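**Q** As listed in TrEMBL for this protein:
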DOMAIN    1-178  domain 'Histidine kinase'
DOMAIN    199-318  domain 'Response regulatory'
DOMAIN    357-457  domain 'HPt'
DOMAIN    470-586  domain 'Response regulatory'
DOMAIN    752-797  domain 'GGDEF'
MOD_RES   248  4-aspartylphosphate
MOD_RES   396  phosphohistidine
MOD_RES   519  4-aspartylphosphate
REGION    1-23  region 'Disordered'
């Protein structure tokens, strides 16, 4: 039933059980799926290492939500099976023929050994065998059952295997479709005319890039020579003459920058004419042009590039219209070069958040059209005033809202402005602003066309969704809040909004949410500072925080996690993935709260019952005592060396051998027996202890210990009252009489003899009558004391 409920919940969260097919960024989905486990690993004393191979396809067609669930399930099972050490995650492409890729995801437990019986259960769950008592399955088995079903649903396979070192591994083999080729508007005809007989040297170490780029250049009429590395490029450039060189920047050994320097040195030493060198690079930061020029390159094309990009470079550098000494200005994005709006993002907004007949696309686009010109005016004023911080904040928000609507070209311009402001390089800011202002009317016209197309469609009636979590959304960008809040409410979350850091802290203090979505960059208090304050407050540090921002540099990611964030989401947001991440974080947070409360209740109950425990693993020479047992024994765990012998050293010398025998019989013969013994605490107090032994795992002994000193003392008092005379400490009259009768009967049965000494105190009545009963009592105690001194242990008095 538990497995069925869990699987049913997973299906509900995923929607229709039929797999979805949509194009998505595989790298992004994988990284966002593993990030929660990577964040939680240090709290469990473990480490998660991830590796995405270089040949892993970037964009694929499949079901991103279920893939994310699968990867999270694999990691959850791994963490439940692992006790300490490392978990390694790897994603790689196995093959990619035809219209499909085959991708393998592997999770390995380094240094862990799964017991044989547990491994058999895991194999049963993965092989689909009927499992009795499904409700009794361990959590890791339930995770794997769900993962196995999801893998089958997606047409893949899921198995438990071992790597070359014998470490247990979960392996997911999944087919993913290749995306259809992106359609790009054709540039002007003069830019794509073939360049007959142009001799080009292509320097590229990646085999796939070699094949594609060679094909593009040959289609443009070029005669192409290939160099597979920097050294070969320098050699061929010295031996042959080329009209132009396309140079990959990052290669093993001699990279493109070093090769370009050496080619320029050759040209100067041999007094040869300068050959244009065009860099091919995935580095698209603002300083890349200057870096290329310093190393002798003339221009650059950012990856991924198209045939048209190569054609434009050939036309620019082989037509004689520009000289190598004057590098052209960085081209601004234009509607002729790329699709103005990303259709996939528009469709995503159309499908979400229908509220009172209006889709999220309509609300977000209207807000963008109404407010962006005003924000652009503020940006222009900030540039004129040279206010770098103001430029950064305005450009950041404009980039976010543009990206959210799929206006990637203008978003790129705003992103460049943001980075310029961050680095205080404002010389080219007016040109970038001019490029954005040129694109804005085109973007707004495209949005109007999209809205007109929406008007012809019937708006669905919003459905009532049961609330499943309270979220605080903190962002100073109204457009982002509008879209995100509507998406979360449609998914069933109760959303409270805060426009700045001050309001967010006030809301957290008065009405703490279950999860916080927090923008990193805000004008008053940034998200990193807010996150740090949340972690400093014991009352709020358990609230998970997801940082949501357009910053994608590694320093910002590190800064977010150092501040205590549970995760990091980059804009533009993939809302189905975000919603899944939120549900995962809420489950983790709720389970953590339940676990913490259970531990607190258990600790309180153990403290009241004077209970503690010790755990011994002889094979690992590991002995641990609980905090409760340390408190009972008055031990300082920071200074006490934890070992079995040191613990036995606390036991009364008369009881030590009995305790050693009790432990040895339990380990060697499985003889589990309770035991009472005495200990002397570090503070010198003598305690009476009752101990029960169990073996939670082979070779591991757990001793549950209870302080029964009070119980023992109470029993002794009761025994003394029942069998002893309160005045003399000798046996009471009734007890003496019963013991005498038993002794007579035993002697009669065995034909034995025993002696009885009866003492009478002469004139005792006179003492009571003349001196008083108090003096008489003292006399009785003196006589009893003298008798006790001369009696043997076998005597009874």
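Even glycines carry a Cβ here, placed using N, Cα and C.
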**Q** Restricting to CB pairs under 8 Å, which listed stretch, 199-318, 357-457, 752-797, is in contact most with the domain 'Response regulatory' (470-586)?
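**A** The listed stretch sharing the most Cβ pairs with the domain 'Response regulatory' (470-586) is 357-457.
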**Q** Among all protein chains shown, how many Cβ atoms are found within 10 Å of the Cβ of residue 248 (4-aspartylphosphate), not counting that one?
**A** 26
**Q** Ten-angstrom check, please: count other Cβ atoms within 10 Å of the Cβ of residue 396 (phosphohistidine), all chains counted.
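**A** Result for residue 396 (phosphohistidine): 27 neighbouring Cβ atoms inside 10 Å.
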**Q** Counting across all protein chains present, how many other Cβ atoms fall within 10 Å of the Cβ of residue 519 (4-aspartylphosphate)?
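**A** I count 29 other Cβ atoms within 10 Å of it.
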**Q** Grab the pLDDT values for the domain 'Response regulatory' (199-318) and give me their mean, rounded.
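**A** Within the domain 'Response regulatory' (199-318), the model's average pLDDT equals 84.
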**Q** Please report the DSSP secondary structure of residue 248 (4-aspartylphosphate), reduced to three states.
**A** strand
**Q** Which numbers of helix, strand and coil residues does DSSP report for the domain 'Response regulatory' (470-586)?
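**A** Tallying H, G and I as helix, E and B as strand, the rest coil: 54 helix, 24 strand, 39 coil.
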